[in-house]
Amino acid sequence: MDDPYHNNVNQQMIDTGEYTYTQDGGGHDGYPYQTDYPQQDEDAASDATEGADEDDQMYEGEYQGIPHPDEIKEARRAARLEARRKARLAAQQEEEEENLPEQYETIMEDCGHGRFQWMLFFVLGLALMADGVDGFVVGFVLPSAEKDMCISNADKGLLGLLVYVAMMVGALVWGGLCDKMGRRKCLIYVLTIDLIFSFLSCFAQSYGFFLFFRFCSGFGIGGSIPIVYTYFTEFLQMDKRGEHLSWLCMFWMLGGLYASFTAWGIIPHYGWGFAIGTQFQMHSWRLFILVCLLPALAALVGIFFMPESPRFLLENARHDEAWMILRKVHDTNWKAKGEPERVFTVTNIKTPQTQEDEFIEIQSDTGTAFQRWTVRKMTMLQQVMANVMSLSAPELRLQGLLLVIVWFCLAFSYHGLGVWFPDMIKYMQYEEFESKVRVFHRERVERFHFNFSLVNQIHREGEYIHDKFANIEIKSVKFEESLFENCYFEDIKSTNTFFENCTIKNTVFYNTDLWQEKFKNCRMENTTFLHPKTGCHLNFKEENDIVIYMVSFLGSLAVLPGNIISALFMDKIGRIRIIGGSMLASSACTFLLLLSFSQGAVICWQCLFYAVSVAAWNGLEVISVELYPCSKRATAFGILNGICKFAAIMASFIFAAFIGITKIIPIFLAFAALVCGGLVALKLPETREKILS
């Protein structure tokens, strides 16, 4: 092939004083020659150079820093060779990347679907169950925890907010790391973080530490969903993915059932707790958190016996490790099917050439251990960020935008109504309780011993002279503009009880939880508080209404029919029809909420909504892992799951704000979001027959 650098004559004249340096493509070959002196004959030239070694001759242009023409030609030749090498490497890598998905799908079909996938199914299902349990823990323990640790309403809202924020951040971070560190390793990390900090939260006596531990626990378990679905997907062949990923979704439902059942069985039993001194209190709600760690612990133990995803290893040029794992999958399945003689015939798997890991190792071969660790982590962070930015590529941009809209709309309506249902039931209970309040006006009670509980009462302008209140419970009682003179309060437990604009004279409060904060604008004369009870009064009968546990249990159980139907039909009618049909049917169910005039009606419509909408969740999770290539799969799923948590945070505030005001606005918002998401979902590409790229 002709060299373009030598075909075109390009002369450059450089004046150096005695000589003129000429660089061209002609016969001079770039060497200097004399122009100011006459040409010497052969003998003269020979005499001038006699005794000099040819290799010792110095190129005179070197004095002026001018490169030797031979060096220039060599550099150009090396550049051309490097360019050709890179072009061949890029073409080879593109060909291998196109061949790997088809070859991997063929290998998975040869391995079959059997014992190995079912073992992995149950291990990853327990991890998903742990995430489902964590979603219910805060809601169940909060009524008891807020009394036990004297949490104000503002701080109570902060706990729920921070847990969801932690799960959102966890989904984003661990999703990105999963594509660089590996599925198995990241799952071990997230389960370990969740176990450690959930365990510590059981013993946190102050609200600050409890909040911190639950935040860290949420950050850990928040990454489990992107990892679990990505991990399991890469062990499934194409015709099994939709069905078995939908079966996997059932473990989230089992997490809700487990949390509801154990909460109802443990939290109301005050006697199951214990105390060490006066500072350390281990009430039953803390024991409930401890029991909720069992699914995560079982999943962590099980994952140690599971291998890394071979697809991840192949994408990272770890051919031998991937081959060994695929052989193990093949042998495990066919041995369980009674055909141990079948041999794994795959001998070579094409893997794409990657330079990122080589770069990390090259950069980390020198320096101190800390410097090597820093180089590895910073380089990995750069790769994760580059992976995130690559999701905005033109070929991924449209489908990514559609998925974001569908995820947000479904999460906004589902989690918004998930907050609205129990809050609406509580509001109805409160209205019913308020309707039965007894009002006493201008009563005068003198020298009387109150030895019975006072519940749901209002006393206005009363007079209590020489009265004794001993060993009783005062619940939801308000004294307004009343007089207490020469009275004695002993061993009083109060809940939602206040004294407003009252006059209290010559009165003793002994061993009560009636603190000064419960006396609003009261005038006290010669009043004594002896041995006041420390901490907040924890009333398990009031704070643990069985209806709340039943609502959560029935809501979790209601998704069982939807899970079964979606699993059976996911590969038959396709993901898009499942998602769109489920969301549009769920939007129709929201109008039935306008007929919610009783607690029973709210529970009924809640179960119906959950049963219909769960199919959309299953289809959306399946299509999210199928649309993206292996190197970006967990990153994309983590971003989508983070958006889901963000929508849940927004919805919880918006829907809760209208409780007791109007039902129309929350229902309309849920309806609009579901219709919008359902219509957009119909524009997504179908992935039922798509080979994982």
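Backbone N, Cα and C define each Cβ position, glycine as well.
TrEMBL: automatically predicted annotations, no manual curation.
The region 'Disordered' annotation in TrEMBL covers 1-68.
Taken from TrEMBL, the feature compositional bias 'Polar residues' covers 7-23.
Annotation comment: TrEMBL describes 39-59 as compositional bias 'Acidic residues'.
Beyond its flanks by at least six residues, the transmembrane segment (118-145) meets 151, 156, 159-160, 163, 167, 187, 191, 194, 198, 210, 214, 217-218, 221-222, 224-225, 227-228, 231-232, 235, 244, 247-256, 258-260, 263, 267, 283-285, 288-289, 292, 295-296, 298-299, 302-303, 305-306, 422, 538, 540, 543-544, 548-549, 552 of its own chain at Cβ-Cβ distances under 8 Å. According to TrEMBL, the transmembrane segment annotation covers 118-145 (among others).
According to TrEMBL, the domain 'Major facilitator superfamily (MFS) profile' annotation covers 120-688.
Under the heading transmembrane segment, TrEMBL lists 157-174 (among others).
The feature transmembrane segment is assigned by TrEMBL to 186-206 (among others).
Per TrEMBL, transmembrane segment is recorded for 212-232 (among others).
Residues or ranges marked as transmembrane segment in TrEMBL: 244-267 (among others).
Here the transmembrane segment (287-306) has Cβ contacts under 8 Å with residues 119-120, 122-124, 126-127, 129-130, 133-134, 137, 140-141, 184, 187-188, 191-192, 194-195, 198-199, 201-202, 221, 255, 258-259, 262-263, 266-267, 272-273 of the same chain, all six or more residues outside its ends. Marked as transmembrane segment by TrEMBL: 287-306 (among others).
Feature annotation from TrEMBL assigns transmembrane segment to 400-421 (among others).
What TrEMBL records for 546-569 (among others) is transmembrane segment. Listed as Cβ neighbours of the transmembrane segment (546-569) (distance under 8 Å, sequence separation of 6 or more from its ends, same chain) are residues 136, 139-140, 243-244, 246-247, 249-250, 253, 256-257, 259-261, 263-264, 268, 418, 421-422, 425-426, 429, 578, 582, 599, 603, 606-608, 610-615, 618-619.
The transmembrane segment annotation in TrEMBL covers 576-597 (among others).
What TrEMBL lists as transmembrane segment is 603-623 (among others).
For 635-658 (among others), the entry in TrEMBL reads transmembrane segment.
Beyond the ends of the transmembrane segment (664-682), by six or more residues, the same chain brings 402, 405-406, 408-410, 412-413, 416-417, 420, 576, 579-584, 586-587, 590-591, 593-594, 613, 616, 620, 654-655, 658 to within a C-beta distance below 8 angstroms of the stretch. Annotated transmembrane segment per TrEMBL: 664-682 (among others), in sequence order.
Counting Cβ pairs closer than 8 Å to the transmembrane segment (157-174), the top stretch among 186-206, 212-232, 400-421, 576-597, 603-623 is 212-232. As a quick check, the transmembrane segment (400-421) and the transmembrane segment (576-597) clear the bar of 3 or more Cβ pairs under 8 A, pairs 6 or more apart, so the two touch.
Between the transmembrane segment (244-267) and the transmembrane segment (186-206), the number of CB pairs under 8 angstroms, six or more residues apart, is fewer than three, so the stretches are not in contact.
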